[in-house]
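Asker: In case it's useful when we look at the structure, here is the feature table from TrEMBL:
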type	residues	note
TRANSMEM	A:34-55	transmembrane segment
TRANSMEM	A:62-80	transmembrane segment
TRANSMEM	A:100-119	transmembrane segment
TRANSMEM	A:126-149	transmembrane segment
TRANSMEM	A:174-202	transmembrane segment
TRANSMEM	A:223-240	transmembrane segment
TRANSMEM	A:260-285	transmembrane segment
TRANSMEM	A:297-320	transmembrane segment
Amino acid sequence: MSRARAVNLLLFAMLPVTALVALALDEPFIITLATKAAILALAGVGLNIALGLGGLVSLGHAAFFGLGGYAMGILAHHAQTFTPLMEAPFLIEGTKSMPVIWLTAAIIGAIAALLIGALSLRTSGVYFIMITLAFGQMLYYFAISWPAYGGEDGLSIYVRNGFPGLNTLDPIQFFAIVFTLLAVVLFLAGRLAAAPFGLALAAARQNPERVETVGLSPYRLRLLAFVISGAITALAGTLFADLNRFVSPTMLSWHMSGEIMIFVILGGVGRLYGPVAGAALFILLEHILGGLSDFWHVYLGLLLLLVVLFARGGMIGALAGREVAHD
Amino acid sequence: MTEPLLQIEGLHKSFGALKATDDVSLMLVPGEIHALIGPNGAGKSTLIKQIAGGLAPDAGTIRFAGEDITALPTPARARAGLGRTFQISSLAMEYTVLQNAVLGAVGQRGSVWRFFKPVMGDTELRATAMAALERVGLADHATTRTAELSHGQRRLLEVAVALTLKPRAFLMDEPMAGLGASGSKRLTGFLDGLRREAPILLVEHDMDAVFALADRISVLVYGKVIATGTGDEIRANPQVREAYLGEEDAA
């Protein structure tokens, strides 16, 4: 087994081991922290497809994260108030079923990414960053000013949504659901990176001219990557809202986009398990440093600075070495 | 004479007051190597860019295999069968040599919208890629990172990627640059045979290679084609001697 593989396996096992130890020690709060790390890792895996594989520096991923959150919030809100979401032209009712909410969130995330991507991917560099940021902030201010779903105060969901056959209120069972989703998405993202699409997408990041010369359109490759990325991040958003049983415009704010990007950079841009490492480290720091000082973000900032200056491959790069090209 | 595969008529391109391409008309017929020579700044690369895509001409038409491709974007021109190599190597530098060649094979097969099957495990794509690398003599470097290749080897990889595309015509912008004497001689021999597969529009500074290979030569000076003809005709042309070849003799 190569060192990179061992590091990945270790990172992957770290979350469930933490959760199980916490279960044995009867520390449900720690299980919740592990769940939060897994959810943020999932959002990072989503962003990493655009950022790491495609080289698309999106500062608007909170839009997808928040849309996922609101998809859950709105559906669950209508279910708990027994009011239909929409009556004409056809009846749509709220739901408390996780699989239905996940699917809805992923589709909404994908559609939003298609619209935002179709416009913003016509630009590049700083303009791309600014346009994605602008779209994200547009949704943020919309959510604040729209009173139907709580506006600035957000929406509270009284009981966590259900999953057939499981008790989602039990922290370890909810963790199991979240972690299984993370594992499935990691597997699929790994396959995606190794597939013809992944090869061409990463080539478009390195040299778009080369990709055009072999007859492929970098724009289309990037747009699809952005859509997949948006769908995964929206899925993470629903889970995050479900964990807190609360969704508010904060999830849509650009701070959130920045945080997701921080996990990816801390863990290792373009590395499959990078977001897992980054999100776990972030939660750990938030918990430990946050307990010591209210100004723990200063130390996070220092760490980020060190990683960007001295460990370009992030945590994974430092632990497993530079990525070896396949074949 | 056979029907031209690539036909350029009345092409114009100006950058401000500078006429980079000034009423250029030329054609490429099946089976030939058509060399494009001219002093630095004559507009050779600008012309290649307009043919391959990426730079829109101000006026004129480019027809390829009977189709007007003047308005087509670069990827569509590549899919139509234009295999281009760049003057300054344009490759995915983080990839291995083999990955770059496989990328070409993926583009040729149009199989990029596949999301789960590992591309490097596809025996057919690998075979196409390896065959192309073998032809240019890079098979031994298949697992080398492209960034670690020498300048000359990168030029060969450009040619190999173009081969994986199975193009109907090649556009080669100074493929010999950086190859050294023996490498240049080897590539000359290879291109000599390649013209039977697909004609080549060759921009080249290596005059030995040009005169050894070209069926026809066009001389570009200040964006204008001042002469087109066989090697002997070009050598004997007084205008060309003055504008280009003479300068080199003097230098």
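Heads up, the Cβ atoms here are built off N, Cα and C, so glycines get one too.
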Asker: Looking at the transmembrane segment (A:126-149) and the transmembrane segment (A:260-285), are there 3+ C-beta pairs under 8 A, with each pair at least 6 apart in sequence?
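Answerer: Not in contact, no.
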Asker: Under 8 Å, at least three CB pairs between the transmembrane segment (A:62-80) and the transmembrane segment (A:297-320) (pairs 6 or more apart)?
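Answerer: Output no: the transmembrane segment (A:62-80) is apart from the transmembrane segment (A:297-320).
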Asker: Three or more CB pairs closer than 8 Å, sequence separation of 6 or more: does that hold for the transmembrane segment (A:34-55) against the transmembrane segment (A:174-202)?
Answerer: yes
Asker: Out of A:100-119, A:174-202, A:297-320, which stretch touches the transmembrane segment (A:260-285) the most, going by CB pairs under 8 Å?
Answerer: A:297-320
Asker: What stretch of A:174-202, A:223-240, A:297-320 shows the most Cβ pairs under 8 Å to the transmembrane segment (A:100-119)?
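Answerer: When the Cβ pairs under 8 Å are tallied, A:223-240 comes out ahead.
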Asker: Going along the chain, which residues at least six beyond the ends of the transmembrane segment (A:223-240) come within the CB cut-off of under 8 Å?
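Answerer: Contacts of the transmembrane segment (A:223-240) (Cβ under 8 Å, skipping residues fewer than 6 from its ends): 36, 39-40, 42-43, 45-50, 53-54, 56, 58, 61, 64-69, 71-72, 101-102, 105-110, 112-114, 116-118, 121, 178, 181, 185, 189, 192, 197, 201, 251, 260.
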